[in-house]
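Feature annotations, reproduced from Swiss-Prot:
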type: TRANSMEM; residues: 2-22; note: transmembrane segment
type: DOMAIN; residues: 47-88; note: domain 'RPE1 insert'
type: ACT_SITE; residues: Glu102; note: active site, proton acceptor
type: SITE; residues: Glu172; note: site 'Transition state stabilizer'
type: SITE; residues: Lys247; note: site 'Transition state stabilizer'
type: BINDING; residues: Pro306, Arg307, Phe347, Gly348, Glu349, Asn372, Ile373, Leu374, Glu375; note: CMP binding site
Amino acid sequence: MMLLYYTLSFILLPVYFIIIFIRLLIGKEDIRRIQERFAIGKQRQNSALDFIQMSVNKEGFTDHKTTSYVDMHRNASLMYKLSLERSYAHSLVWIHAASVGEVMTALTLIHNISKLAPNVRFLITSWTNASAKILSTKLPKIATHQFLPIDNVIFTRKFLRNWQPDLGIFIESELWPCTINEGAKYCKLLLINARISNKSFKAWLKRKRFFQLIIKNFSKIIVQSERDLQKFNALGISDAMNLGNIKFANEKLLVNQEKLSKLILHLDNRRVLVFASTHPEDEEVILPIINNLKEQFIDCYIILIPRHPERIKSIINNCKLHHLSATAKSQNDLPVLNNDLYIVDRFGEMGLFFSVATISFIGGSFKQGGHNILEAAYFSNCIIFGPDMSKNTDIAKGILQNNAAIQIKNGKDLLNTLTSLLNANNALKLKTYRENALKFVENNQKKILDEYLQIIKQFLP
């Protein structure tokens with residue numbers, strides 16, 4: 001099966017190029033970094049070679065005016081041999097994080113692993129532009145980011161030769177067969193916070209043997225829920241273990257305190273509703289109810305944070321269709337208070353707006369399986385989400401059981417829920433939801449992080 005996949009990846013190579021070109025045209029690829037899809041560019045530094053080059057310079061062998069041809073030839077041969085004997089000053093942990101949510105988990109891992117092993121350096125690979133933009137402002141100095149190359153043996157092997165990782169950690173559900181199979185030849189691989197959607201589970205049941213061939217490359221498999229453990233078992237993987245969702249361990253989003261102070265003063269005691277990580281399907285539900293909310297609660301201000309900020313033009317056009325006045329953050333750094341809503345078309349400032357929010361609706365929950373509801377919980381927001389939380393089933397179930405969030409079915413349900421929560425008579429109810437959300441995330445955080453780190457520690461180089 002793996003040989004067949006490798007063969008197909010060769011045959012379909014022209015198709016990969018076309019896909020990358022199309023992604024480039026529609027803005028899903030960064031033209032300045034397109035070479036990374038083909039494993040061209042960055043690579044791990046060879047400290048042994050650097051050392052020899054410094055030593056040679058000190059001895060003067062590289063000075064062509066004083067060095068004989070024999071010495072230069074001998075020295076070049078020595079440097080070449082050392083370049084093949086890869087020797088590095090630091091161990092390298094490679095973390096693959098598909099997109100934004102997994103990248104936040106990767107940053108938490110880097111922060112905590114570096115405490116356990118100060119000599120370790122990190123390589124983060126991801127697939128999306130959104131993840132790269134987040135990392136451009138949050139990546140620590142001990143880490144490097146590179147886009148994951150196309151899953152073809154030519155590019156995968158070149159990527160692995162360039163980086164020579166000592167440990168690989170894959171987060172959640174991206175299973176690139178070639179990358180994983182080749183990666184296991186270089187270092188031990190861990191699959192953590194693993195999950196399988198219902199759709200993927202049905203597909204893998206038809207290709208169970210291929211799934212097993214991929215998964216056997218991992219030295220340890222940690223799933224995020226009992227439901228996922230059952231799916232792995234059904235697919236013939238008996239050695240997986242469930243430690244819960246590591247997203248509980250993600251650190252509270254950073255907030256620029258100077259910006260926060262300005263925003264609080266500017267909002268002038270208005271109650272803020274945040275609609276976070278929204279997709280078009282969410283906005284179809286949200287935009288029609290805004291005028292109704294504004295009429296009932298004049299002290300209410302609405303902030304929309306789309307999952308993909310590049311959609312800003314289409315969102316503003318949709319606002320006009322619903323007779324809503326909207327301003328983008330790229331146009332005004334502070335909200336225009338006499339407008340109906342403010343659209344945050346910038347990455348990396350979610351924490352700033354959760355800081356001033358009373359209630360947060362988490363998007364992607366009408367069709368995409370839901371996004372991370374824990375980020376808002378850290379800021380003691382009252383959390384609302386839609387009917388589809390299939391990507392975060394256990395977290396959604398747990399937070400609902402703890403009376404720390406509300407799940408709605410449709411637009412009418414959302415309007416009724418917000419109207420009830422914003423009613424002055426329900427102030428205590430709103431306060432309880434907010435307090436419970438913070439308790440829920442804090443109670444789970446340390447235990448889960450410690451358990452994950454105990455496992456990872458066993459494999460650190």
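One-based numbering along the chain as shown.
Yeah, the Cβs are placed from backbone N, Cα and C, and that goes for glycine too.
Since the structure is predicted, the reported quantities are computational estimates derived from the model, not experimental observations.
Remark: Pro306 (CMP binding site) has Ser277, Thr278, His279, Glu283, Ile312, Ile315, Ile343, Val344, Asp345, Gly363 as non-local neighbours, by Cβ distance under 8 Å and separation of at least 6 in sequence. For the residue listed as 'active site, proton acceptor', the same-chain residues that are 6 or more apart in sequence and have a Cβ closer than 8 Å to its Cβ are Ser126, Ser131, Ile171, Glu172.
On the 0 to 100 pLDDT scale, the model's mean across the domain 'RPE1 insert' (47-88) is 45.
Cα of Glu375 (CMP binding site) to Cα of Lys247 (site 'Transition state stabilizer'): a span of 9 Å. Ile373 (CMP binding site) and Lys247 (site 'Transition state stabilizer') are 10 Å apart (CA-CA, integer value). DSSP assigns Phe347 (CMP binding site) to coil in the three-state reduction, placing it in neither a helix nor a strand.
Just so you know, of the recorded positions Glu172, Glu349, the Cβ with the fewest other Cβ atoms around it within 10 Å is the one at Glu349. Between the recorded positions Lys247, Phe347, Ile373, Glu375, Ile373 has the most other Cβ atoms inside 10 Å of its own Cβ, all protein chains included.
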